[in-house]
Amino acid sequence: MKRRPHKIVSVVLLVVLIAGMGMACRIQSLESRNKRWTENTETAGKILTESGKKEAQKQTNGTENDDAAQNAKRVFGDEPAELYARSAVLMDADSGRVLFGKDTDVVRPMASTTKIMTCILALEYLREHPDQTIEVSDQAASQPKVHLGMQKGEVFYIKDLLYSLMLESHNDSAVAVAEGIAGSVEEFAKEMNAKAAEIGCKNTHFITPNGLDAEDEGGVHSTTAEDLAKIMRYCIMTSGEKETFLEVTRTKEYQFQDADRKRTFSCHNHNAFLDMMDGALSGKTGFTAEAGYCYVGSLRRDERTFIVALLACGWPDNKGYKWKDTRRLMEYGLEHYQYRDIDKKMQIPEIKVAGGVDDKKPYQYCLNVPVKIERPAEENSKILMRDGEELRAKLELAKYWNAPLKKGEKIGMLTYYLDGYKVAEYELKNEKAVAKRDFSWCIFWIIKSVML
């Protein structure tokens, strides 16, 4: 018992020492509160030669924005050198990344490629109204060729008119569908523009549902090659009606009647690309005097899905230019781009937590806590890349934290970039909980120490 006071004094001194350590660590924590590891780390895809790497850095100037990919496309030297189209895009449908581009952001009219937007909006509407019909108006019946030849007062199922729209590119069917869904062409155009904005289109303005040349107070009916590719990507990859869209656009022949069964109509698919290359998936042609020949199409082979969008690809008598450009771009993608694994072994540094409690190390005030990358189990960890491309990782993680921390809290982000495009993003989470070292904890340890 005589030694008990000395023991108490020792414990008190120990507590003071711990508090002093805590103060020093907390000061360090506060000084470093806003310091973050923000590193552009070369990880998966370290396949760039030194000369190619320097050239890529010179072309992109270290930027991470939507323009970087377009500017970097001349790095490799084997891109398609000559295209008939004035604007063109080759896109990876999985990531939305532009693999090759020519004047991708130049605004141009897009003719009947417009109808892919009309079709997908109609399919999403029919999900709730599968048997919706429309009575043909004067405006619909008076549309110029190419047209179905519907007459004012006739009644059609919207689902049948979609085959007329996409296989034969009938202008009257497009207007009838728009009126049946939104009440008028003008209101339907608002829905088209709203969907374009939702998809991420930056320079698209819809006026008509059929793509005929038009102009209003907002400008001309127009898009860009990149925006058109984004719309096709939505149709075949993202929309809840993507499978139905593919079913409609891949149909070779279709017959239907008006709702009163007075007339029968036959539709033939004019998308020659469907028989041109193995894996051809979907597409839509277009032509007007202002737009020239246009095309947007997709191909899937060996788990890779490519989209090609072409604007102003020749005028009569050069109808075949769009097929030559489409084949050239698709073959370029197939030859040069393969899927590669994202580096799953990237080391994430531990964080330092001030004021925390570790029962195994009760006198240690600053604790090292491991961090894990939160990857969904179903996540595809592969990225479409070619030789000479560099996948970079950006780590955003605060180095110092204050207790308490719950296990699995989001404490940072790991983002992968390829040619300026964000291709993958993961949350960083702490792997263990850290309780706060407070006054009550100190009292508990004093009592525990005295009782021992």
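First residue shown is number 1, and so on along the chain.
Each Cβ is built from the backbone N, Cα and C atoms, and glycine gets one as well.
Any TrEMBL annotation is an automated prediction that lacks curation.
For reference, TrEMBL has these:
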{"type": "ACT_SITE", "residues": "Ser112", "note": "active site, acyl-ester intermediate"}
{"type": "ACT_SITE", "residues": "Ser169", "note": "active site"}
{"type": "BINDING", "residues": "Lys284", "note": "substrate binding site"}
{"type": "REGION", "residues": "44-70", "note": "region 'Disordered'"}
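Working note on the recorded positions Ser169, Lys284: by count of other C-beta atoms within 10 Å of each C-beta, Lys284 ranks first. Reduced to three states, the DSSP call for Ser112 (active site, acyl-ester intermediate) is helix. In the three-state DSSP scheme, the residue listed as 'substrate binding site' falls into the strand class.
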